[in-house]
Amino acid sequence: MSDPADGGVDFALYRYTPSIPAAAIFGVVFIGLSIWHLIRLIKHRSYFFVPFLIGLLLECAGYFARIFSHFDTKALGPYIVQTMLILVAPPLFAASIYMTLGRIIVKLDAEEMSLVPIKYLTKVFVVGDVISFLLQCGGGGYMAAGTLSAMNIGENIVIGGLAIQLLFFGFFVIVSAVFHWCVKKRTGYSNLPPRTISQSVRTKMTWESVMWALYIACLLILTSTSPEHLCTMTTIQDMLAAEPSKNSQPTQYVDTVEAYNKWAEVYDTDGNFLQRLDTIEMRSLLPHFLDRVSTLQDKVETTAARSSIIDLGCGTGRNTVQLLDALSARKNDTFNLIGLDASPGMLDVARTALNEHATKQTSPQPVSLDILDILQTASSSQLPPSIGAGASGVISTLVLEHIPLAQFFAVASMIMRPGAYLLVTNMHEEMGMQSQAGFTDPESGVKIRPTSYCHAVPDVLKAAQEAGFSVANIGENDVTSNCEEGVIIRGVDEELRHVLGARAGKWVGVKVWFGICFRKASE
């Protein structure tokens with residue numbers, strides 16, 4: 001979950017997880033276009049279209065490089081590679097467009113109608129394009145260094161390259177439009193030599209079609225390049241703003257297990273308002289969840305399976321203790337509780353918390369704790385023996401943020417018997433697009449960030465369905481009054497802000513939490 005101690009919005013290269021299918025589709029499209037243009041280039045010996053072909057190949061490589069960002073959204077290398085390849089392709093497209101206009105002018109024998117003499121036309125614009133291309137490539141190279149000064153220099157160089165590209169490109173559009181207007185104005189092409197007049201009349205639609213194609217190509221390049229540069233510059237500016245200065249906290253991105261091992265000692269005491277909200281919501285949800293799970297007992301032959309409830313990603317045992325309290329009020333229900341987590345440090349804290357809880361109970365209920373790394377679990381043979389034939393119920397609170405959806409639901413299915421219930425809570429995507437899990441190490445002052453994903457509710461529902469789960473409502477009272485298709489969503493308002501504390505103040509008006517109960521399909 002997010003660390004609400006942050007005073008501002010966390011920097012992220014992406015506020016989403018780049019789509020593999022989308023990147024692959026665009027990459028394949030550009031491969032197809034590259035092959036088609038290569039065939040026509042060779043067939044018609046149109047070698048002035050070589051820059052255009054290179055641009056297509058760069059676009060293709062850029063979109064395939066984007067696939068790597070799907071697996072690591074914080075990696076700067078793949079981000080810069082895909083961004084710069086996609087951005088430097090338009091100048092190459094433009095180079096071929098410039099040369100195309102020159103050939104149209106020569107074909108119509110209308111050099112006197114061009115604002116720029118034909119012998120300089122292609123050279124002037126191509127030189128400007130080359131300068132723009134080199135500046136953008138050079139700026140990308142500077143940014144790849146990853147330091148604050150290099151980022152600043154690289155940003156300025158790329159902006160300079162963009163300005164030159166837009167300047168020359170805008171002038172080219174003016175030259176093209178003036179030429180087109182002059183030729184159209186001279187009815188019958190009376191100023192052209194007879195041989196060219198007859199050819200021009202016969203091919204009037206052909207050369208005009210090419211001119212309109214040039215305009216459309218120019219428009220597409222301008223409308224695609226400018227937003228891409230704007231988004232890139234905005235991201236770079238965010239990056240620079242997030243770059244730690246001498247007086248700010250440095251940030252360290254670490255493996256999820258390592259991060260939670262370090263976080264364990266202060267996890268329950270660092271004032272995280274999302275944990276507090278989750279605790280409040282789970283206090284209301286658990287009785288309804290247990291109502292669902294208890295209905296399965298008479299249908300299950302295996303006692304171990306019937307009586308197992310698992311806290312998947314139990315952490316410090318915060319909700320495991322709540323499960324114990326909820327069960328203590330249900331005299332007729334007996335369940336074996338199992339807490340699973342990937343972090344030994346978190347399990348040590350959970351073990352202490354559960355022992356303290358047991359000392360306050362007249363008949364303490366045993367809880368077994370085991371290591372299970374969801375990310376590293378590929379088959380049921382890797383599950384702890386304590387799981388047995390599978391659980392009747394599983395809760396997993398504020399864990400989903402760190403796991404790819406398909407992997408999470410695959411492992412959840414492994415530890416559940418058919419027909420069992422799964423209660424999931426997580427950070428809402430409105431908050432996830434602006435923040436992520438993390439804490440400040442009290443000893444070093446370093447901000448620790450584990451790997452996190454911003455999972456949107458529709459994506460969670462889709463992944464669950466694909467894994468064989470359906471949504472199950474878990475109550476008819478106020479618990480589900482703010483429920484949409486079985487999804488309970490909570491945002492921070494002024495009243496809730498006072499309950500959650502000062503750190504919730506900056507999230508007023510933002511949806512921060514959601515909960516969903518799923519049921520695994522019966523076999």
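Along the chain as shown, the residues are counted starting at 1.
A Cβ is built for glycine as well, from the same backbone N, Cα and C atoms used for every other residue.
Under 8 Å from some Cβ of the transmembrane segment (20-39) lie the Cβ atoms of residues 49, 52-53, 56-57, 59-60, 63-64, 66-67, 70, all in the same chain and six or more residues away from its ends. As annotated by TrEMBL, transmembrane segment applies to 20-39 (among others).
Nonlocal intrachain contacts for the transmembrane segment (46-67), taken as residues 6+ away from its ends with a CB within less than 8 angstroms of a stretch CB, comprise 18, 20, 23-24, 26-27, 30-31, 33-34, 37-38, 40, 78, 81-86, 88-93, 95-97, 99-100, 103. Annotation comment: TrEMBL describes 46-67 (among others) as transmembrane segment.
TrEMBL lists 79-99 (among others) with the feature transmembrane segment.
Sequence annotations record features per position, and here TrEMBL assigns transmembrane segment to 120-145 (among others).
Per TrEMBL, transmembrane segment is recorded for 157-183 (among others).
Packing against the transmembrane segment (204-222) from elsewhere in the chain are residues 90, 93-94, 97, 100-101, 104, 107-108, 166, 169, 172-173, 176-177, 180: each is 6 or more residues past its ends and has a CB under 8 Å from a CB in it. TrEMBL lists 204-222 (among others) with the feature transmembrane segment.
The annotation domain 'Methyltransferase' is assigned in TrEMBL to 308-428.
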Residues of the parent chain within Cβ reach of the transmembrane segment (120-145), under 8 Å, 6 or more residues beyond its termini: 76-77, 80, 83-84, 87-88, 91-92, 94-95, 98-99, 101-102, 105, 114, 151, 153-162, 164-165, 167-168, 171-172, 175, 236
DSSP residue counts for the domain 'Methyltransferase' (308-428), split into helix, strand and coil: 49 helix, 35 strand, 37 coil
